[in-house]
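Remarks on the structure that follows.
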Amino acid sequence: MGSSEMGWKLKDHPKLPKGKVVAVVVLDGWGEASPNQYNCIHVADTPTMDSLKKGVPKRWRLVRAHGTAVGLPSDDDMGNSEVGHNALGAGRIYAQGAKLVDSALSSGKIYEGEGFKYIKECFEDGTLHLIGLLSDGGVHSRLDQLQSLLKGASEHGAKRIRVHILTDGRDVLDGTSVGFVETLEDDLAKLREKGVDAKIASGGGRMNVTMDRYENDWGVVKRGWDAQVLGEAPYKFRNAIEAVKKLREETKANDQYLPPFVIVDENGMAVGPILDGDAVVTFNFRADRMVMLAKALEYEDFDKFDRVRFPKIHYAGMLQYDGELKLPRYYLVSPPEIERTSGEYLVYNGVRTFACSETVKFGHVTFFWNGNRSGYFNQEMEEYVEIPSDSGITFNVQPKMKALEIAEKARDAILSGKFHQVRVNLPNGDMVGHTGDIEATVVACKTADDAVKMILDAIEQVSGIYVITADHGNAEDMVKRDKKGEPILDKNGNVQILTSHTLQPVPLAIGGPGLLPGVKFRKDVPDGGLANVAATVMNLHGFEAPNDYEPTLIEVADN
Ligand SMILES: O=C(O)[C@H](O)COP(=O)(O)O
Ligand SMILES: [Mn+2]
Ligand SMILES: [Mn+2]
């Protein structure tokens, strides 16, 4: 369609008025599951969300939030914030990073691209470093992709390889790090048999080392830098299996929070610091938790922490993590080209927009919502507010997080009369759910419900409309289950706590005094997913969605 004026102009909706204030609330990690003791949303006191559910089927329904409905490789893939918010904002389903990397690897195209050629220039004299999340969670990275890349890189000439691992325990069960390291060590041993000098060089838990996001705590990235680049860490081991096992035992840290460590040789020297002339690939496909490291690796001017040494390397991301910043400059696989998002259309069509969350989710309702684009479409029409998150804590300690502050900002924006769309992400169910602390997650869910109430009250006052939904499940199921759905017990008879997201659908509720009485959910889109929400919201602003958007979920009955 291009960017001509005609191209951006949306058609008027034949029945729905313009100018209403529409609150769009994304409850992060809030899925729908059967009620039981591990469903924290069920256990929590959530009168507001419960009352919305009474609107079924006309004003409350479920939408799909995982797998192919959000562009992931298969329906065994749980949803996540990136793909969820991409779908919500873009209104279409894009093949996402996980899938794009799969096909680039299986076709071998990854080795023909500019990015690989660039890192290959260092293979003769330098080391290839691979940094990323060692996990099969499929949210930020996948172990099988790393395995394939290791094999492919060595076949394409890499002679010395160092892997810098980040242990997970967030998108996968806690304790699985040991098995992943064993698998990787097997692969590296096979490479060594073929004459490739391949080793694990450093590591640490993802939440403690490297994978911070939205600049919440640069100390996390610095700890990684010290280990990966400088070869310095508080813990030194001769091998990574021992490192992970001992650190879990002795420091009592879980996989997410393992302290940084380096692997040393018989003389106590780090086996793989990053040096001038080396190549580095960050093998996560997802952007949010790699952007900060990418900046540290790429930017000549950098003042976020003292890098001590800034090696002259050839660096490529698995994907380009930020299209606006063109960061990193080199990448192995092109990211999905998400364009013409609902946010851009609405702003063009005069819809004044306010978006808010706290730091740890701020980019979700802005960057991800806008198709992985940072910044405003039109600064005069939009205001994005970030409330600083607490840093240096696990969120089970503060399960209320900043939900009420976010709701207050939303309330003020709604009452100000300045905005037509007020969009927020409430992080609690997800961020606290990831800690695996059930009691705290119950408090988190109650707080998110209180925040929704505050927003609905404001909508009531301005005769507006609300759209309440979620990006994927998490807090509604906190236990690992077998195929029959029964909790899996460990050898001591304890349930295995599920810290990850789920495959569950999420609720979608609409209402408010500004919604015409005849508006209800259609019955002919039973498999609707998050991508159908954009057209629905456009309708509620009084516009028809573009033809290629996934269909709206509402219809207007003549009364
Ligand atoms: O990055 C994280 O915190 C988890 O891996 C995924 O959670 P999110 O998709 O809700 O951000
Ligand atoms: Mn999320
Ligand atoms: Mn999450």
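Each Cβ is built from the backbone N, Cα and C atoms, and glycine gets one as well.
Taken from TrEMBL, the feature active site, phosphoserine intermediate applies to Ser81. Residues or ranges marked as Mn(2+) 2 binding site by TrEMBL: Asp28, Ser81, Asp471, His472. For His140, Arg170, Asp171, Arg206, Arg213, Arg286, Ala287, Asp288, Arg289, Lys361, the entry in TrEMBL reads substrate binding site. According to TrEMBL, the Mn(2+) 1 binding site annotation covers Asp430, His434, His501. Per TrEMBL, domain 'Metalloenzyme' is recorded for 21-544. Per TrEMBL, domain 'BPG-independent PGAM N-terminal' is recorded for 101-322.
Listed in sequence order, the recorded positions among Asp28, Ser81, Ala287, Asp471 whose CB lies under 6 angstroms from an atom of ligand 2 come out as Asp28, Ser81, Asp471. Under DSSP, Asp430 (Mn(2+) 1 binding site) is assigned to a helix (H, G or I) in the three-state scheme.
Proximity of the binding-site residues (His140, Arg213, Ala287, Arg289, Asp430, His472) to ligand 3: a Cβ under 6 Å from the molecule is found for Asp430. Each of Val26, Gly29, Ala65, Gly79, Asn80, Gly84, His85, His364, Asn425, Asp430, Ala470, Asn474, His501 belongs to the same chain as Asp28, Ser81, Asp471, His472, is absent from that list, and has a C-beta within 8 angstroms of the C-beta centroid marking the Mn(2+) 2 site. The record gives Asp430, His434, His501 for Mn(2+) 1. Within 8 Å of the mean position of their Cβ atoms, the other Cβ atoms in that chain belong to Asp28, Gly29, Ser81, Arg170, Gly429, Met431, Gly433, His472, Asn474, Ala475, Thr499, Ser500. If you take the Cα of Asp171 (substrate binding site) and the Cα of the residue listed as 'active site, phosphoserine intermediate', they are about 12 angstrom apart, rounded to a whole number.
Proximity to ligand 1 at the level of Cβ atoms, with a cut-off under 6 angstroms, picks out none of the binding-site residues Arg213, Ala287, Asp471, His472. Note on proximity: of the binding-site residues Arg213, Ala287, Arg289, His472, His501, the one nearest Ser81 (active site, phosphoserine intermediate) is His472, by Cα distance.
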